[in-house]
Amino acid sequence: MITRKVQLQVVVFVLVALVGVSYVGYSYAGLDRMFGGSGMVVQVRLASSGGLFTNGEVTYRGVQVGRVGPMRLADEGIEADLYIEDSAPPIPADTEAVVTNRSAVGEQYLDLRPRSAEGPFLTEGSVIEQDRTSLPLPVEQVMSTLDNMVASVPLESLRTVVREAGEAFQGTGPDLGRLLDSADAFTRTAVEHLPQTSRLITDARTVLNTQVEQSPAIDSFSRDLRLLADQFKRSDGDLRRLIGATPPVAEETSALLAESGRGLGLVLANLLTPSMIFETRTDATEQLLVYYPLALDATGEVVGADGEARFASVLRFFEPEPCIRGYEDTVYRPGTDTSPAPEVNTQARCTLPYGHPSSVRGSQRAPKGAPAPDPGSLSQLLGVDLLRGGR
């Protein structure tokens, strides 16, 4: 005869078993949906199952929001029902359904990844089309690709690489240990300064994008650099002679600078003003350099072998007529007038068009100077000081 104590133990065991089975069925088997559980059903269309299975997890931004329901064949792949829990947040309709792995050997699950946070949102009966889904790479394809890659590696070359790597790292154990320790310290420092590290990574993206945009220029620079290297190779003999002759020239130059000392600095400083003058009158200087040799050549024809000059002077007046247009506002002042002179008309000039026979040697044909630089600028003063030896 069963005692009352045993009967109570059996009843308690049955109750615990019923509670456990109910919890497991509710949480994992989805028995609540068989009795009209709450939530909504969303359909997803996949090209293949990709390892997804019924009752697998459905996550939204990595947080579980439901389970995978029945899966069935369709004309263009697989259709699966997704049971979304009533407690799940609103999920945008513009969402990508990704079948992914929880780990390298773990089970597949479906992750809902919204493309935007705006509405409309998924509702009862919504469908996620196949063009908004993605599947994991099949294991057999990964293994086949890996096998092809391994088979494509030449064994003799691989042996050479392994042998050279062994020789390269032989006896470098302490150095590699210090390198790893330094890398660990660097990583800890980067984690301690995470905001600065994140900002550095963000700014690096801008720099890398700039490099991508400048890739044509970088390619052109590389090609030009190759041409330069080829030219150096062809000019190897000349470069060797140049390198051999450079030290004596450098020694002579150093000796010249040492002997000149302060005097050379003063000469260069005094040349600053003439260089500024010639800078503003480049065109006139060029004209002078063109005609000066002609003038010297004509001088040789005028002066004879006996040292006497032979030339004739022909005076021609008003051929052509002088230019008077542009001087109308200028007051004529006789040479005998001794009264205070009026203000000089600085705007007076010949306004006849270029090519007019009148006043062919007029000032309007003189090259105009460029704007004169400021003689008191700081950079020029510093340049003079440096040329004078920094005093």
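Cβ coordinates are placed from backbone N, Cα and C, and glycine is handled just like the others.
Annotated features in TrEMBL:
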- 41-114: domain 'Mce/MlaD' (DOMAIN)
- 122-309: domain 'Mammalian cell entry C-terminal' (DOMAIN)
- 350-391: region 'Disordered' (REGION)
- 6-26: transmembrane segment (TRANSMEM)
For the domain 'Mce/MlaD' (41-114), the mean pLDDT of the predicted model: 88
Tally of residues which DSSP labels helix, strand or coil - the domain 'Mce/MlaD' (41-114): 0 helix, 45 strand, 29 coil
